[in-house]
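Participant: Quick paste from Swiss-Prot:
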- 173: active site, proton donor/acceptor (ACT_SITE)
- 34, 100, 127, 173: Zn(2+) binding site (BINDING)
- 34, 38, 104, 123, 127, 157, 158: substrate binding site (BINDING)
- 19-20: disulfide bond (DISULFID)
- 61-139: disulfide bond (DISULFID)
- 31-177: domain 'VOC' (DOMAIN)
- 2: N-acetylalanine (MOD_RES)
- 88: N6-succinyllysine (MOD_RES)
- 107: phosphothreonine (MOD_RES)
- 139: S-glutathionyl cysteine (MOD_RES)
- 148: N6-succinyllysine (MOD_RES)
- 148: N6-acetyllysine (MOD_RES)
């Protein structure tokens, strides 16, 4: 008997599960710690991710010999950030799901510099996702702040979620985890 195909022509649930292995016990303490985006202008990006999305800068690292800086952001209380430099670095790199912004010095002044967001050919990286309590309220605030939208919550076939863009054009999905079951 042929395996039933999902409407998309992709893998069935069973086929997807058959491709997966049980986690090796040695990976028990692994965690997805960060995703990195290259940014042209750290001033614009830091403003966007802190003021618009409410993230906290939890660590900054400069590499003068290689002329770049790293900015780690997360949804953390700034009062919890250790003061000691080494402790702060270890703490920042042990947080779950941080966003690392990488700035190569000088790109902010280069008119021709831009980064590919992965949503046009050649496609690759797609987006990051931010969970919010109320998508419509969050998007109303984003509109008031002049944030660029790719998709508003009531647009398209997938109602109730939105996509906005950061200063470099990276897409950010805005979703409510409790409402996603109706879309999937």
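Each Cβ is built from the backbone N, Cα and C atoms, and glycine gets one as well.
For each listed feature, how buried is it and what is near it?
Facilitator: Taken residue by residue with DSSP, residue 173 (active site, proton donor/acceptor) is part of a strand. Sequence-distant neighbours of residue 173 (active site, proton donor/acceptor): residues of the same chain at least 6 apart with a C-beta under 8 Å from its C-beta are 127, 128, 129, 130, 161, 162, 163.
DSSP assigns residue 38 (substrate binding site) to a strand. Within the same chain, residues at least 6 positions away in sequence whose Cβ sits under 8 Å from that of residue 38 (substrate binding site) are 101, 102, 103, 104, 115, 168.
According to DSSP, residue 20 (disulfide bond) sits in a coil region rather than a helix or strand. For residue 20 (disulfide bond), the number of other Cβ atoms no farther than 10 Å from its own Cβ, over all displayed protein chains, is 7.
Counting only same-chain residues at least 6 apart in sequence, those with a Cβ under 8 Å from the Cβ of residue 139 (disulfide bond) are 149, 152, 153, 162, 164, 174.
Taken residue by residue with DSSP, residue 88 (N6-succinyllysine) is part of a helix. For residue 88 (N6-succinyllysine), applying a Cβ distance below 8 Å and a minimum sequence separation of six or more within one chain yields 58, 59, 81, 82.
Annotation note: residue 107 (phosphothreonine) sits in a helical segment as assigned by DSSP. Around residue 107 (phosphothreonine), the C-beta neighbours below 8 angstroms that are at least 6 residues distant in the chain are 39, 40, 41, 113.
Taking all protein chains in view, 11 other C-beta atoms sit within 10 angstroms of the C-beta of residue 148 (N6-succinyllysine).
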Participant: C-alpha of residue 158 (substrate binding site) to C-alpha of residue 148 (N6-succinyllysine): distance in Å?
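Facilitator: Rounded to the nearest whole number, the Cα-Cα distance is 19 Å.
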Participant: Enumerate same-chain residues with a sequence separation of six or more from residue 100 (Zn(2+) binding site) and a Cβ-Cβ distance below 8 A; give 'none' if the list is empty.
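Facilitator: In sequence order, 34, 35, 36, 37, 70, 71, 72, 73 meet the Cβ cut-off.
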